[in-house]
Amino acid sequence: MTSTSSSQSPARRGSMLEAPIARTLVRKTLPVIGGMLAMMTFNLVDAWYIASLGTAPLAAVSFTFPVVFAVISLAIGLGIGTSAVVGRLLGQGRHDLLARRATDAVLLSLLVGALVTLAGLPSIESLFSLLGADATLMPYLEAYMGVWYWGAALVIAPRIINSVLRAHGNTLAAGLSMGVAAILNLALDPLLIFGAGPVPAMGVAGAALATVLSWGLMTLGLICQPRLRGLIAFRGLTLGALVESWRVLGRIALPAAVTSLFTPVAMALVTRIVADHGHAAVAAFGVGSRLDAIAQIVVLALSMTLSPLVSQNLGAGQLARVRRAIGGCLGFVLVWQLAIWAGLQGLAPWLTARYAEGPEVGEVLRDFIWLVPLGLGAQGVVILSVSSLNALHRPRDAMALSVVRLFVLFVPLAWLGSRLDGPHGIFTGMLTANLIMAGIAWWRLRAVLARQRQSQGHDESQGQLQ
């Protein structure tokens, strides 16, 4: 690594390894929250402008969401693997491997992006026909995805670079870059969709190009950032070292990517269950799900900053600090989400009046707001447990928790509740699943931490004998 990297590492490592845990997590989490809020505007801005083109273009772009989310899930998995591996190396002080793993992770993201492009372009018509798009929508889908697939690598790579920065404790640059990308998208969307001056109107293809250009410029900005110099280094790159890095990264990244896909699949199944009770129930469930997503932003952001702290301290052998960090975060999440639930109860009359079209939708939405957010604290325990297990290099345990929560408890209990008590029963089933799963997640996480402590004690005793 370069001298730049070496001079910066101790300060950044110190904040994760020595600074007060609560203050460190608050300072690191706030920029991530800002970045996540900025990212939420991407789809909203696209939908706002594309809606002006008509119903067919808007419907076509709606069909792209599962495919786009699948690619982003791959990026999330790669990012989790990168953060866990880089964070642990930082804690161990292994600067000889640090730049190698970070660089190889970025190269892997470019390879994955290229494979998405090669597989996606020739399969647009067949894939979206399978998803239910008819011939009327196909020209819009080909225009949008024909551009988006070409930029797949630019959508994936910055997420991996941000993971490298977060692993070093630099969440401010990651958060700012996401905010800048959102602003660029906001500026480029109307220009490229509707045209202006010498810029031709491109319709839905313009929306895709705006997204790709925003992410591309974000990638360029990240690469040029001074703090990244020394963390990405191509000197000493060999095929053998590259394959070894990808194997190490893939051990965590692949299960994490698969796990990221589980949630939308489970939500699609629950939506199908809700649909048995009419359009009003589906409309209320849709509004409620969006409220849930907003209510969980702090928990999701915290999971991204807790992970590098756990990884670094695991590498440094500071398991007591790992346990304190995880325990403190779990306690905070339970209190925070209970406060969010109380706030939602106060806002419930306004929310139902604002978003419910008719008394039937309002009644179901009130049920949702009363029951489902009550389990978000428990769901937060599961989210942080999964994040911590990945950071502890236990990706199979993390994936097992997600499978049990979604497909053993969440979907089956929602179905059972539907049969017994309609939408009210569905929401009760969702709440019950989260409460049960929080206990299971905490039990499993404690067992893994206890095993890590025993392993550390064994290693220390062996070292003393030698």
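Cβ from N, Cα, C; glycine included.
Curation does not apply to TrEMBL; its annotations are automatic.
What TrEMBL lists as transmembrane segment is 30-51, 63-90, 102-121, 141-161, 173-195, 201-224, 252-274, 294-314, 326-348, 368-386, 398-418, 424-445.
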Check for me, if you would, whether the transmembrane segment (201-224) reaches the transmembrane segment (252-274) - at least 3 Cβ pairs under 8 Å, residues 6 or more apart in sequence.
no
If we skip the immediate neighbours and take only residues 6+ beyond the ends of the transmembrane segment (141-161), which ones have a Cβ under 8 Å from one of its Cβ atoms?
60-61, 63-64, 67-68, 71-72, 74-76, 78-79, 82, 105-106, 108-110, 112-114, 116-117, 120-121, 124-125, 128, 133, 177, 181, 203-205, 207-209, 211-213, 215-216, 218-219, 222-223, 228, 232
Pairs 6 or more apart in sequence, C-beta under 8 angstroms, 3 or more of them: is that satisfied by the transmembrane segment (63-90) and the transmembrane segment (294-314)?
yes
State the non-local partners of the transmembrane segment (294-314) in its own chain: residues 6+ outside its ends, Cβ under 8 Å from one of its Cβ atoms.
13, 16-17, 21, 24-25, 28-29, 32-33, 36-37, 80, 83-88, 90-91, 166-169, 171, 321-322, 325-326, 329, 332-333, 336-337, 340, 344, 373, 376, 379-380, 383-384, 386-388, 390-393, 452
Per the 3+ Cβ pairs under 8 Å rule, pairs at least 6 apart in sequence, do the transmembrane segment (368-386) and the transmembrane segment (30-51) touch?
no
Cβ pairs under 8 Å with the transmembrane segment (173-195): which stretch of 30-51, 102-121, 252-274, 398-418, 424-445 has the most?
30-51
The transmembrane segment (252-274): which same-chain residues, six or more beyond its ends, come within Cβ distance under 8 Å?
66, 69-70, 72-74, 76-78, 80-82, 84-85, 281-282, 285, 289, 386, 390, 393, 395-396, 398-399, 402-403, 406-407, 410-411, 414-415, 418, 423, 426, 430
Against the transmembrane segment (398-418), which of these stretches has the most C-beta pairs under 8 Å: 30-51, 102-121, 424-445?
424-445
Using a Cβ cut-off under 8 Å, which residues of the same chain at least 6 positions beyond either end of the transmembrane segment (424-445) come close to it?
270, 273-274, 277, 326, 330, 367-368, 371-372, 374-379, 381-382, 385-386, 388-389, 397, 400-401, 404-405, 409-410, 413-418
